[in-house]
Every structure is written in C-alpha cells, then in structure tokens.
C-alpha cells in the first residue's frame, strides 16, 4: 500500500483517539468542579445567611436616602426628636470621602463659632457635620459637650453613647459619658415617678364612673384602630367599630384587613379575660396563644407557630429560624426573672416589647403581638393599656432601630411618653369639664350588612 494511503487511513484514527482523550479530560475537570461545589453543601444555610447579609448591606447602601426619620426641630437636619431635643442618628450608610471632608470642615467652623459665642450658628454647624457624616465620632463628642453646656443632658448622653457605640475606646467620650450617665438615670427615674403619680390618680377614679367606662370603651376601639393602622391597615375608626359590633363586613374593603381587626379583638379579649388576673409566669404558650388569635383569622396555618424561614426587617436580620425557639426560651426566663420584676413597670414592658420584636419569632404579626405583651405587663402592674398612635409610626420604628444599634433608652422613653399620654387622656376625660376621645360614630350610614366576617 502506498505511504500516502497509509497516512490517509491512519490520520482519522489518531484524531479519533485524541478527541476521546480530550473529551475525557474535559469531563474529569467538570466532575472535579462539580465535586468542589457539592462539598460545602453541609454549610449551605450559613452560606445563605451570608448572602442575605450581603444583600441586606447592599440594599442599605442603595436606600441610604430612604431611611425613616422622625420629625425634627429644624427642617434643615435629619436628626429626629423623641423627647425634649434628643437627636437620634443612624449610621447605616458609608460616608463618601467628600462627605467626610465637609463634615470635618463643618465641625471646625462649629467650634470656631462656639468660641466666638455664636452658639446658634455653632448648633447648626454641628447638625450639618453629623448630617454629612453620622458616624463622625469627634463631632458626636463635641456636640455632646455643646449640648451639656445648653443644659440638655439627655441629648449629650445620647451623643456620647452614640460615639462609644462606634468607637468604644474613645477616651473623651468615655469620660463625658461617665459624667452624664448617673444624671440621665436620675432624670429617667424622676419621669417614672411622675408617671406613677398619675397612675395613682387614675386608680383613685371610682370604678363605677360612667365617664371612665365611656373613655375606656373608646380607648379600646382606638387601640385596635391604631395598632393595625401602624401595620398598614386602611380601615377607619368607624368601620372598625362597625365590624366589632355587628360582625358584618364593610363593603369595598379588604376582608384580610377586616379579619386583622377580628384577630386583634380576639387577642385582647383573651388577654383581658385569661392572662391579666392570672397568677404565675408568662410562658411561651401564652405568647403563642396571643399570636394564634392575632393571625388566626388571616393566616391560620402560621398562627401560633414560630417561623421556619429567615426574614429581614428593615436593617435588622433576626435570628435564624433554628435559633428562634432557644432565644424564646431565654427571653421567657428573663421575662419571669427577679431582675426583670425589679424594673419599673414601664421599663419592663418596653424592654419586653423590644426583646420580642428583636427575635421576630413569627412570620407575621410580631409588632401586634409585642404591643399586646407590653400592655399585658402594664395591666398586670396596675397600669392602663397604652396606645401607640399611627401618627407616631416613624418615630416608633426609628427608636426601635436605634435600640438595634445599641441604645434602647430612647425606645423606653418613647413608651414612657405614650404611657403618660394615655394617663393624661384618662384623667382629662374623667374631669368635670372633660373632652373625651373622639367617638366612632355609631350610625354606620352607607355601611351595608354583607357576608359576616369570619368569626
């Protein structure tokens, strides 16, 4: 056979063998890559959590202009106010280099204006520095000193605490905080004493008082209205009263929203008739029973059950589902501990609310359940249940966020303020020339009876 023919015949065989070898090599590499991907599957949950946290951080950066802030004393600043002139700062976003430079320049100008005695200008410049860079520790400390000089001890202490949250070993802030902390604790205790005196006045109102009975009835409807409105429910006060009195639906309104009202009513009835006067510890089962009623008319599958999925709540990542039950057990132990019982009732109730909503044990209804637990603690201590108004929603969420960042005292003060407002309302409504709460109109004109809301 000619050589050319041999080569012509052998070449395809050589190409075929080489092709198979190449494919086997590629297949081995692919299998190796697949094996490398499969090996870490045992830790897939931790990886998912890391991804969630990364996504959460990215979202917070993208949304840095959409942070919820409460009303300010000055429209030119993003510092929110809870009581007095306490500014609440959030440092969830990374400040740009240009922002840091502007903040430093503003701080230097503020100190110069302060030295010259131009305190109003200095105040605005301090605010501007912190607006540009909320995590500027030196500005926080210097503004704290300025606030002390203005006799605003609570704001000064908050600013020092904020600085130490960011930089725990900042020497000047440590010294300043050591000076203001006992003063602030005294101020808080004095405020609790004022609340206690008002509680005694409310307790002295005759139980048969028709005015007290009337205002308590209206307060009941108002509480349901505001607590569901905070979560986005659009029903009016009159519509809520119609639903609870007739058990008939309001036409044109979401049945889910109406069932939220029925659930809140059922949960409040359960607390009032079963838990308030009961002697003994508050248990996990008690909280599950409250939640079962809160959510039972909207989502009976999830009602009274701990969540089984990871959730994100604003900037807060609650505990992993596998840790929820353990954390709830620890929370319940604290709830019934001597340390908790020795707290002022308002402080105890506020901390219980915060701790439960921090764990976020349920897929939905955590806020409503936390507010009900808070009121259960207050009522067991002889206080009336309090209402957080829907108009306070931004402030309410903001002080919760500040608590997540390490300072729960603004949230406690917020709850104390709500408690005092509730007490003042009861006292005002039971005086001779009282102005009671605006009543929900009993004549439901235009509200036709339709299919009953699920009982």
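Placed from the backbone N, Cα and C atoms, the Cβ positions cover glycine too.
Annotated features, as they stand in Swiss-Prot:
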type     : residues                            : note
BINDING  : 231, 313-316, 364-371, 396-397, 404 : ATP binding site
REPEAT   : 103-136                             : repeat 'TPR 1'
REPEAT   : 137-170                             : repeat 'TPR 2'
SITE     : 231                                 : site 'Important for autoinhibition of adenylyltransferase activity'
TRANSMEM : 21-41                               : transmembrane segment
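Feature map: Swiss-Prot annotations on the structure.
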residue: 231; record: ATP binding site; Cβ contacts under 8 Å, 6 or more apart: 260, 367, 368
residue: 316; record: ATP binding site; Cβ contacts under 8 Å, 6 or more apart: 358, 360, 401, 404
residue: 365; record: ATP binding site; Cβ contacts under 8 Å, 6 or more apart: 291, 294, 295, 303
residue: 369; record: ATP binding site; Cβ contacts under 8 Å, 6 or more apart: 267, 287, 290, 291, 294, 356, 362
residue: 371; record: ATP binding site; Cβ contacts under 8 Å, 6 or more apart: 227, 353, 388
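Annotation for the binding-site residues 314, 367: lowest Cβ count within 10 Å of the residue's own Cβ, 314. Within the model, the repeat 'TPR 1' (103-136) carries an average pLDDT of 96. Under the DSSP three-state reduction, residue 316 (ATP binding site) is assigned to strand. Residue counts for the repeat 'TPR 1' (103-136) by DSSP state, with H, G and I taken as helix and E and B as strand, are 27 helix, 0 strand, 7 coil.
Under the DSSP three-state reduction, residue 365 (ATP binding site) is assigned to coil, being neither helix nor strand.
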